[in-house]
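Per TrEMBL, the features are as follows:
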DOMAIN    11-154  domain 'Alcohol dehydrogenase iron-type/glycerol dehydrogenase GldA'
DOMAIN    166-346  domain 'Fe-containing alcohol dehydrogenase-like C-terminal'
Ligand code: NAD
């Protein structure tokens with residue numbers, strides 16, 4: 001039976017398919033924008049410059065200093081570049097770090113954003129911005145942060161390294177796993193979550209052996225769109241709290257941390273959310289935690305937090321921080337159980 005629900009749908013315009021990068025100019029015209037500042041990380045500067053050349057007079061310049069966790073110092077510099085270039089729009093070309101910079105600019109000056117997403121992190125379809133200042137990461141949610149236009153061109157993901165494709169794909173799946181048991185879930189978010197995970201599961205199996213398979217790359221990007229959409233639509237729980245703690249307080253890398261923690265957080269909630277997680281048991285087989293662990297292992301994903309540089313002596317503090325101001329979770333967040341979860345994730349042990 002469908003029970004009562006409230007669903008705030010995030011309005012975005014999505015262009016999907018190989019070759020859609022060529023639509024950026026038309027989309028700028030559609031938005032009534034005349035000069036776009038193109039954003040990227042240093043490693044994707046060449047792609048950003050190529051796009052600027054393609055746009056000709058519609059490009060106001062390239063700012064290629066986007067960095068992980070959206071440091072406010074970088075945003076301040078980018079705001080100055082935006083003003084100096086006479087830009088009236090941003091085009092973010094890249095993954096969550098570059099998209100975060102575009103969102104940070106739009107949050108401050110309400111400029112329209114076009115995002116060309118090149119990883120599976122999902123930030124492009126959420127009204128959420130995480131930014132860092134003086135070592136502290138804060139998260140803000142606001143309609144201004146949501147990009148107006150998202151372009152998913154699978155051609156741009158053909159060279160996303162296999163290891164990054166795997167961790168980024170598992171990062172996307174983590175959004176959808178938590179969306180399935182979210183307190184504020186609805187029938188559409190649950191449908192998108194299962195379909196997003198299915199698409200990524202099938203696509204990642206191909207990408208690890210044939211990274212340039214355009215069909216698999218398209219399916220992975222489709223899955224990441226669905227998983228990002230549910231991240232933007234419903235609340236996240238223990239898994240995201242754990243990853244925010246490990247990333248924010250111990251500086252662990254974003255996608256890898258999500259990839260390692262996911263089987264353990266799913267196992268933690270397996271019994272309390274048995275009904276809503278059943279579709280994933282069907283997809284991965286056996287117990288949800290074990291099934292996700294075996295899947296990650298089969299892809300060659302990192303499995304142990306100790307391999308990311310976290311010290312065993314830090315696990316007590318990590319558990320203390322993770323249970324402070326907990327997000328709503330289907331199973332009560334208990335300190336000892338969370339400490340055990342972290343131990344297994346640190347060891348790289350298969351969830352029980
Ligand atoms: P990223 O954006 O940091 O990218 C990692 C590296 O890969 C960068 O050097 C990037 O230039 C490069 N890269 C990206 N796409 C590539 C491609 N197709 N080919 C080759 N290289 C490529 O990594 P990410 O995991 O996408 O993003 C992580 C960041 O996003 C974190 O700061 C996280 O907090 C944030 N995030 C935010 C949200 C949100 O809704 N606010 C959601 C997910 C992630």
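Cβ coordinates are placed from backbone N, Cα and C, and glycine is handled just like the others.
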Averaged pLDDT, computed only over the residues in the domain 'Alcohol dehydrogenase iron-type/glycerol dehydrogenase GldA' (11-154): 97
Using DSSP, tally how many residues of the domain 'Alcohol dehydrogenase iron-type/glycerol dehydrogenase GldA' (11-154) sit in helix, strand and coil. 64 helix, 41 strand, 39 coil
